[in-house]
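First up is the structure itself, then whatever we jot down about it.
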Amino acid sequence: MSSAGIPKEAIEVIAQTVGITNLSPEVSLALAPDVEYRLREIMQEAIKCMRHARRTTLTGDDVDSALTLRNVEPVYGFTSKDSLRFKRAGGFKDLYYVDDKVVEFKDVMESPLPKPPLHTAVTAHWLAIEGVQPAIPENPPVEVLTATADVKRSEYKEDGLPVDIRLPVKHVLSRELQLYFEKIKVLTMRRPDSVIFKQALLSLATDSGLHALVPYFTHFIADEVARNLNNFSLLFALMRVTRSLTQNSHIHIEPYLHQLLPSILTCLVARRLGHRLTDNHWELRNFTANLIGSICKTFGHLYHNLQPRITRTLVHAFLDPTKSLTQHYGAIQGLAALGPSVVRLLILPNLEPYLLLIEPDMQLEKQKNEVKRYEAWRVYGALMRAAGLCLHDRLKILPGLLTPPARPILKSNGKIVTGMANKRKASSDSLMQQQPPLKKMTTEAGAVGMMSMNPMQGGRFPPSLVASGMMGGVTSISRQLPGLGENMAGAVRDAGAKTSSLVLAQAWKDDMSAGNLLASLFELFGERMFSFTPKPELSFFL
Amino acid sequence: MDEEQVVKFVETYLKKKGFKQAELAFHEEVQKNSSANSIKIHSDPDLSNLILSLSKSGDDPAQYHEEYGKLRTWTFNSLDLYKHELLRVLYPVFIHCYMDLVAKGHIQDARAFFNTFREDHEMLHARDLQKLEGVLSPSHIQEMEFAHTLRQSKVNIKMCEYSNELLMQHLRKTKSTTVLGIVNERINFQVSPGQPGLISDDAEVVTLIGTSQDAANKINKKEVHWGLLEDTLEDRLEKAGGLQSDTEKPEGDTKDGEIDDNKKRLAEGGKQGTSVKKSKKDKPAGGSAKARAETIVVPAAPRVKPELPLPVMPAEVEQSILEDLRNRVQLSSTSLPSVSMYTFINTHNSLNCSSISNDGSLVAGGFSDSSLKVWDMAKLGQQASSSTPQAEIDASVEHIQGPNGSKRSYTLLQGHSGPVYSATFSPLGDFILSSSADTTVRLWSTKLNANLVCYKGHNYPVWDVQFSPFGHYFASASHDRTARIWSMDRIQPLRIMAGHLSDVDCVQWHANCNYIATGSSDKTVRLWDVQSGECVRIFIGHRSMILSLAMSPDGRYMASGDEDGTIMMWDLSSGRCVSPLMGHNSCVWTLAFSCEGSLMASGSADSTVKLWDVTSSTKGTTKTDEGKTGNTASKLRSLKTLPTKSTPVYSLKFSRRNLLFAAGVLSKNV
């Protein structure tokens, strides 16, 4: 601004643009200072207009108002509600221009109408309460507050302004609700074993009017779970609170489920829960698994991707051999809690290779570590329970599909027999069994791949590619370590096991014979499987 | 020629010896004695021109540059004790050197000179320099008012004897005849014996204004009756207070019930703003003891009679005001007010002004698209915050709602044909006045949602309009350099206040309604007598355009805020600045005193609300008895800064119960 104003050349150029070609140098020399003076005068008036519009940036509107003040026609076409965006002209230090793009008329016509601007509105909030700024989103963050508070001089001691920032909750919640929330918090944190806590859980599950507290509870649970992974009793208490909340029919917890689920899943599949050996984390995992099952049952129809998401997480945990056995246990329990069809789809096909994998850990001579062995047995038990429940379900639902046992199940020697069984099956089952099942798997794999994004849709699709690929890997491992199973000694068994794995691999098919399933499960688990079979059906087999 | 030589020698001799009186007497003698045509030659400025022409052949532009440079170097190297006095001389010399050059047509040299030395004065006089920079031809000097007045008037500079002597010696020694000529012609030294003055006096002296300091001083000698009116509501409360003090609520209750009270007050339909003063009511609560002590310190002003016939207040309104006064929260430096912030959103940069009604229930915004929009905050609160306790709203409450009330929450008032620059609620909240660039002021009814009157009188945009504290009368300020007093029932103004040298940017009523104050782009604030229309005070001290004014409820003080973020507190009776308040770093859009006058709030474009302690400063001044040099300790102190979330604060209002309302626009690029 301070550089020498308008040169006479500029006047000449402007003269040329308006059609005056032969402007004498004296005229332009005389005009130049006057033009500059007028410009400054207009700017002075424009700044006044800007101030009265309560702004600190000059806009085209201000210049227009200044021109009208001086009875000059305003310059049309430069008004803009937002401040103009200036670009620096290349090669000059302080020369700027407004980028004015050429706009195709056609484009303007064809582009969809812009959204109508929102109505001007006024909102109210407390900027300060008795001189103290509450920490609400409408006020600037606390750091700003403390930074500016330093301005306050130290010489005024009597000020003694309280620096504490009040909780935002206090302005939203009634006093009763605040008290309730605080009480529940204390109970959960301090006295999770007391009778009063049980009553609190009951109140949480049944009271109406708690809806305003839901976000705070969700936040509380998520926070505490993340912070207290080795405090077993607190975790258990938190899960109980969660269950109570999900059971309460008066509150709408759906929008907050996505915040709760990570915490719940953590309590299910975390590597370590609690810091002592005596902590019965198995129980917590079982509890949480049931919680997940009930959540899926209650809210699954509202959130169609709720169950798929949970399942994916759990399957990942289950099929990852690098994860610890405790994590596997949690995953299996969780999957089992989601229902027999999930087990049939996701566990059974992977059952056999998985058993092979944990076998070494279960044997006394192979695994010296007591804890590890115990864990392996736990996992084994969980798998058995899952498979058994699934079988039970099959037998209950499809009693009509019961086929006579394809092979004498009590005789476990049967390469030939099983082969025959396969043949018989092929003849009896029409379409499905035309091809060798494994081949079918692979041919379907492509189609399945598309579905793998949402593997559980309709509960009918096979496990995702990841799962099947993993299964292949595990199978190959099992081939290299033949005949180590406690229940399947000998090479003959190996062959039998292979066929049973085939049966299991196609367990996801709806019309899969329950008899075959039982047979193969029996091969893996032995007689313990019978406990899951209803009496009449059992007699049928035997 | 011989005679002139002699005259010259005598004069230089007298000057050298410092015989001021003798010199003046000599001049007069010479003038009397000489013939008619020689008067011109011998009158003071021309004489110096003569000396100039004798010593130098013609006017050499380089001369100015060289001599000013010398003076500048000498001043900067002078003794510390006298330096600040000598520095004051530099600016007027600089300005006049430049204008001399321009006047003589050396445009290029003038520009070079200006750019070489402008930095020195940039800090104090940036705006003046910007204006003068544009003066590029002799005709501009005539045309531009600022330059013209500068040429016409002399600058007064206070100096101690010794500084003056130093300066003259230097100028003579270096033979700086050009500068000497300017000093003689343009500067009027007020030489005082003894020690040099304090730096703090600077502010008053360096401002170059059209009116001479003398004139201002003369005006400021007029009497101002700043006392409050007789028989105010507060007096009545005081009388009643003795009887009711037992039933009075404890202070804590009052605070809790504040929100309810505000809502309830709406039901009463708003009330009249009363002139309020430092509360003297006897409260049993502990905090009041201090307040009482202060009231004793401040001498009670003599009560005055209203010079305007004032409207009569309805009895029920009076009752509700008394109720409010009884429930008022006592504010002090230790008990700060609660602030309720009204934020405008989605304004698309078009909100020019906002105004809050006395009870905070109505908020008006003036927009650059000529519209005026009014929000009913009680209704808004109903929708938004369900958890805050609700006061039952009477059926009698008027429903302010647009035709399609479901979609927009405000009442749209259309009628202006230019940007609306100001809006003000009547004390009862039943009328709104708005002023606009279309040179009119319009009166709207909030009950009928309609325009009632259009007041035409100004010739240029009306920047500001304010209702008087008792309603009925209002004042407007305009680009046409006048402020006008109107009454609601006449379409012609009652008084026109003319005298400002530039736009009148803001206007404010005194608590007793007998005076109005105006702030202007000429950097002065003036106080006008409403009855006579005369200017009774000129307050000089601001360094940029005045944007906001506020009057203390006890009628004694006035605060003004300017474009740079400086706030000045003035004593109306003495016309002096009590203390400048520094803290804001951008335009101060609004100022407000709390109802009992102990706190002041200021809202600024830097997105903060600041609270200032008023009592500490007033105590200080009364003790030192306007001995203004000793007042540095009693500076108003900033109690608290409340930053907003990128929301420049456009208006502030203390409710009668001392709840502070603030309004501003959420803006992205602040």
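Cβ from N, Cα, C; glycine included.
Under the heading domain 'TFIID subunit TAF5 NTD2', TrEMBL lists B:59-187.
TrEMBL lists B:240-293 with the feature region 'Disordered'.
Summarising the annotation, TrEMBL assigns compositional bias 'Basic and acidic residues' to B:246-268.
Marked as repeat 'WD' by TrEMBL: B:344-377 (among others). Per DSSP, the secondary structure of the repeat 'WD' (B:344-377) breaks down as 1 helix, 20 strand, 13 coil.
Per-residue pLDDT, averaged across the repeat 'WD' (B:413-445), gives 94. Annotation comment: TrEMBL describes B:413-445 (among others) as repeat 'WD'.
Annotation comment: TrEMBL describes B:455-496 (among others) as repeat 'WD'. Long-range contacts of the repeat 'WD' (B:455-496) within its own chain (CB-CB distance under 8 A, at least 6 residues past either end) are made by residues 272-275, 308, 310-311, 418, 421-428, 431, 433-443, 502-509, 511, 513, 516, 518, 520, 528, 530, 533.
Per TrEMBL, the feature repeat 'WD' maps to B:497-538 (among others).
Among the features that TrEMBL reports, repeat 'WD' is placed at B:539-580 (among others).
Using DSSP to sort the residues of the repeat 'WD' (B:581-622) gives these counts of helix, strand and coil: 8 helix, 19 strand, 15 coil. Taken from TrEMBL, the feature repeat 'WD' covers B:581-622 (among others).
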Would you kindly list the residues that approach the repeat 'WD' (B:413-445) from elsewhere in its chain, counting only those six or more residues past its ends and only Cβ-Cβ distances under 8 Å?
269-274, 317, 352-359, 361-362, 364-374, 451-456, 458-467, 469-471, 474, 476, 478, 486, 488
What same-chain residues lie close to the repeat 'WD' (B:344-377): Cβ under 8 Å, and 6 or more beyond its ends?
262, 265-266, 270-273, 400-401, 409-425, 427-429, 432, 434, 436, 438, 444, 446, 650-653, 655-656, 659, 661, 663-667
Summarise the repeat 'WD' (B:413-445) by DSSP state, stating how many residues are helix, strand and coil.
0 helix, 20 strand, 13 coil
